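Let me begin by presenting the structure, written as C-alpha cells, before commenting on it.
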Ligand SMILES: Nc1ccn([C@@H]2O[C@H](COP(=O)(O)OP(=O)(O)OP(=O)(O)O)[C@@H](O)[C@H]2O)c(=O)n1
Ligand SMILES: C[C@](O)(CO)[C@H](O)COP(=O)(O)O
C-alpha cells in the first residue's frame, strides 16, 4: 500500500456516547461533563477531525440527551460536522444503531466518546493496520500485578499474558457489518469480541497510555492534567 492509497480510502468513525455513565454518579452522562470548560465529547470529535477533516463522523447519543447536545454545540460554537443517531440499551446496540447510519466507506472506526485523549499516532496506526489486515485494535500491557478469583480466595496469574484494550477499534466495513448481524451476547464487551465471534482475526496495535476511558470522578482530573500539557498531540 502506498501513501496515495491510504489517502483515497473512505474512512468513517462511529463515536459511541449513548451510555448513562452510572459509575460517574453525576447529574448528566459523563460524555457531557466539562474538562477545562469544554465537554468531554467535543475533545473526542476534535481528535478525529484533526486526524482527517474529511472523515465521516457519526455520534451515538442517548435519545433523551440529543436536544441537550445540540444546545451544547450552540453554546460552545462547536462546528465540526457530524451526524447524530440515538443509542440503544447496551454499547453493542448503540454501535448497531451507528452502523445503520453509515455511508459507503472502506474502513470504519468505533471509538468511545469518553476517550478524549486518544493520540493521533494511535488513530493513524490503527487505520493503517486495519487497511492492511482488516481489523486493528489498540492495547497496552497490563502494568499492575493481576489475581484471579474473589476477595476470599484468589491466586496470582501471569500478567505477561494480558493486555488492556482501548478504542478506536477499526475494521473493514464489510467485516464489521457482517459481525454485527449476530445476536447480542453479554460477553461482547467491545467490537473486537463481536468480530472474532464471527470468525475474523483482529490485529493488536500499541495504544497510548493517556487514552483512558473516563469512568470515575478521578478520571476527569487526570484528563484535565493531560489536556493542559503544552504541545499535546
Ligand atoms: N448503551 C450504551 C452504553 C455505553 N455506550 C458508550 O460506550 C462507551 C463505553 O462505555 P462506558 O464507559 O461503560 O459508559 P457508560 O455505560 O456510560 O458508563 P457506566 O458503565 O459507568 O454506566 C461510552 O462512551 C458510552 O457512552 C453507548 O454508546 N451506549
Ligand atoms: C470498548 C472498551 O472501552 C474497551 O476497553 C470497553 O470494553 C468498554 O467497556 P464498558 O463495559 O462499556 O466499560
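Counting starts with 1 at the first residue shown.
Backbone N, Cα and C atoms are what each Cβ position is placed from, and that goes for glycine too.
Summarising the annotation, TrEMBL assigns site 'Transition state stabilizer' to 23 (among others). In the three-state DSSP scheme, residue 23 (site 'Transition state stabilizer') is classed as helix. Summarising the environment of residue 23 (site 'Transition state stabilizer'), the number of other Cβ atoms within 10 Å of its Cβ, over all protein chains shown, is 13.
Note on residue 30 (site 'Transition state stabilizer'): other Cβ atoms within 10 Å of its Cβ, all shown chains, come to 26. According to TrEMBL, the site 'Transition state stabilizer' annotation covers 30 (among others).
Counting only residues at least six positions away in the same chain, the Cβ atoms of 141, 142, 144, 145, 146 sit under 8 Å from the Cβ of residue 159 (site 'Positions MEP for the nucleophilic attack'). Per TrEMBL, the feature site 'Positions MEP for the nucleophilic attack' maps to 159 (among others).
Residues or ranges marked as site 'Positions MEP for the nucleophilic attack' by TrEMBL: 213 (among others). Long-range Cβ proximity for residue 213 (site 'Positions MEP for the nucleophilic attack'), meaning a same-chain Cβ under 8 A and a gap of 6 or more residues, is found for 112, 114, 115, 166, 219.
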### Query
Does DSSP give residue 213 (site 'Positions MEP for the nucleophilic attack') helix, strand or coil?
coil
### Query
Taking just the CA atoms, what is the gap between residue 23 (site 'Transition state stabilizer') and residue 30 (site 'Transition state stabilizer') in Å?
9
### In sequence order, those recorded sites of 23, 30, 159 whose CB lies under 6 Å from ligand 2
none
